[in-house]
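K.L.:
What TrEMBL lists as compositional bias 'Basic and acidic residues' is 144-158, 235-250. Among the features that TrEMBL reports, compositional bias 'Basic residues' is placed at 190-199. Annotation comment: TrEMBL describes 208-227, 285-297 as compositional bias 'Polar residues'. Under the heading domain 'SH3', TrEMBL lists 17-76, 87-146. Sequence annotations record features per position, and here TrEMBL assigns region 'Disordered' to 144-269, 285-305.
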Amino acid sequence: MLYRKLSLCCLEITGPIILQTYRVIADYNKSSKYQLDLKEGEQVDIVEKSTNGWWFCQCESRRGWVPASYLEPLEGPDETEEQEPNYAGELFVTTKAYTAEQDDELTLQEGETIEVIHKLLEGWWVIRQGEQTGHYPSMYLRKSGESRATDTEREFDQRAAPPPRRSTIRNAKSIHNRGRQRISQDTYRRNSRRYLHQRGQREAYRTPANQHQKMYSVQESQANNGHYPSMYLRKSGESRATDTEREFDQRAAPPPRRKEHSISHPHSSCKTELAICLVENDNQNGSTPSLSDQTKALPSVPPRPSKEVILERCTEHTRKKVSIRYSV
């Protein structure tokens, strides 16, 4: 019985949790009882990293929330966990109004829809509204289509203000020789506009195709004996391929169809082609020939030669065969 209890206790034992250690770059005075007072040079263990820029840390026997902007990794100045910019953007909605205090921030009202293009760990995300880009506190943003979670509301109640930005910290001292790599707002704006331009071109390429499909009516299809441009067709269940879009870009309209003529027999090309040429020439001159004029334009058929004429023009061998046939 005692052995069984010891076995159950051993099963419940888990491995040690390894926490990341960061260094404080400047003194920080807490603004609520949920936060920690920090001194420059102290080392703290990170228990939780929140996306709003407030991290729950442990410093010796003390625990509380501290701004991520006051902390730096021991291995280097850059954060390895920080994501790359995504200029395609994610739709978010502002949950609270904010007035910009820095030149690279945006002023927005509550309920506005924006696009997040870079999620920074310090809690100030780079957003886009139209062609404007700038920083905005992530704790005032909610993903479009999602309701605010209960834990998010509780965290917001504990921290009524966004964390301070790294650029506003005075007397910051780092142990690293080089500073943290930062993307300038001009770079964000330039890359964002370039992406929007490319996206607008892709949407513009698709729009003419839809317009041409609507313009090419049923009457036009019937006038062409039921034919329809293949460039306006796509196999059911398949998305439009890139090469198809590229071909459409090169040909904004369907190619002209080959002009068809009604020919009774392929071997009667001499008379028919001559008549077609005459008719086309008259059409180019602006006149439409009548049926009698088209008939007169055809060459006359010579009369069938008589038997005597045929015998005179044929070879000696043919004459002998004809004479033998008639003699029999």
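A Cβ is built for glycine as well, from the same backbone N, Cα and C atoms used for every other residue.
Are these features on the surface or tucked inside, and what are their neighbours?
P.N.:
Sequence-distant contacts of the compositional bias 'Basic residues' (190-199), counting only residues of its own chain at least 6 positions beyond either end whose CB sits under 8 Å from a CB of the stretch, comprise 85, 87-88, 117, 128, 131, 133.
In the predicted model, the domain 'SH3' (87-146) has a mean pLDDT of 94.
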